[in-house]
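A short worksheet on the structure shown next.
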Amino acid sequence: MRAATLYRYSIPMEAGVILRHQRLKSRDGLLVKLQQGEQTGWGEIAPLPEFSQETLPEAQAAAIAELQRWVNGEELDLGPLPSVAFGLSCALAELEKLLPLSADYHKAPLCTGDPDELFAVLQALPGEKVAKVKVGLYEAVRDGMIVNVLLEALPDLKLRLDANRSWTRAKADGFAKYVNPELRSRIAFLEEPCKTRAESREFARDTGIAIAWDESVREADFQVEAEPGVAAIVIKPTLVGSIARCQQLVQQAHQAGLEAVISSSIESSLGLTQLARLADWLTPATVPGLDTLSLMQAQCIRQWPDSTLPVVTVDQLDVLWHS
């Protein structure tokens, strides 16, 4: 006997969370629960505004159609919408006990640029000292100076930087000019510095700063391949698709000698804990990029270890559909 329920959550965000062009006041998404006999599986479907190709209403309609088919005994067709494919594949993997329970709760902390604050966070971290800095929100020169200060102050630090394609080539060069060439090798990678792949490749070649593909991974013409100056691909499952698609990308990256980094799209704590399990399974040697829970004012159903945020329980969620 199969049963399914679709819930909706809305979690207030901390003030000042800005996506590309808009402030995110709340994180809204769907949670799916599949039940078959004694087994239960959960998944999260949460398109990210400005980044996902689908809207939440589109994801909701597609999810309900799929759940209806599944309850009627058909196989789940994960469909073309990445957030729906990822959420349903997680629920199915939990139901069938295919998603391992062990998780990698290490995370590359998101850093605002204060070396003292970052030093305190990193001192408490076991293993590799990796942090992430968002660049491209302010002046490129300011970003370069902050990165240089962090690398100088913390000699065992490696930085991941994310520019979200926000720079012209001239601005990217302005950033690089303020990062001491001797420190650049400790930039693990800079995600998509320029507006085009060609400009980003040229930037890596001319500055010696390694880059990673992020937005490109979701584009139809993208091929995972080894190329000079490219160190990694960033996999955001909510934006990429099913667990199987994520596995495929990880395998292709490793075959090409690239690092694959599982990364958050600001999912709730339920989705984040699943990403931690996915990272431990598929990319055990790489610290995942999951430090987004602090952007929220609450957790949802499942707790992230050590988080003191209040937890929204299943009884507090709106039921959108139930079989």
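FYI, residue positions are counted from 1 along the chain as it appears here.
Any Cβ shown, glycine's included, is placed from N, Cα and C.
Swiss-Prot lists Lys134 with the feature active site, proton donor, giving sequence analysis as the kind of evidence. Contacts of Lys134 (active site, proton donor) defined by a Cβ separation under 8 A and a same-chain sequence distance of 6+ are given as Leu110, Leu161, Asp162, Asn164, in order along the sequence.
Summarising the annotation, Swiss-Prot assigns Mg(2+) binding site to Asp162, Glu191, Asp214. Other Cβ atoms within 10 Å of the Cβ of Asp162 (Mg(2+) binding site), summed over all protein chains shown, number 22.
Per Swiss-Prot, the feature active site, proton acceptor maps to Lys236; the stated evidence is sequence analysis. In the three-state DSSP classification, Lys236 (active site, proton acceptor) falls within coil. Under a cutoff of 8 A between CB atoms, and with a sequence separation of 6+ in the same chain, the neighbours of Lys236 (active site, proton acceptor) are Phe51, Asp214, Arg218, Ser263, Ser264, Ser265.
Taking all protein chains in view, 27 other C-beta atoms sit within 10 angstroms of the C-beta of Glu191 (Mg(2+) binding site).
According to DSSP, Asp214 (Mg(2+) binding site) is assigned to coil rather than to any helix or strand. Other residues of the same chain near the Mg(2+) site, with their Cβ within 8 Å of the Cβ centroid of Asp162, Glu191, Asp214, are Arg160, Leu161, Ala163, Asn164, Phe189, Leu190, Glu192, Ala212, Glu215, Val234.
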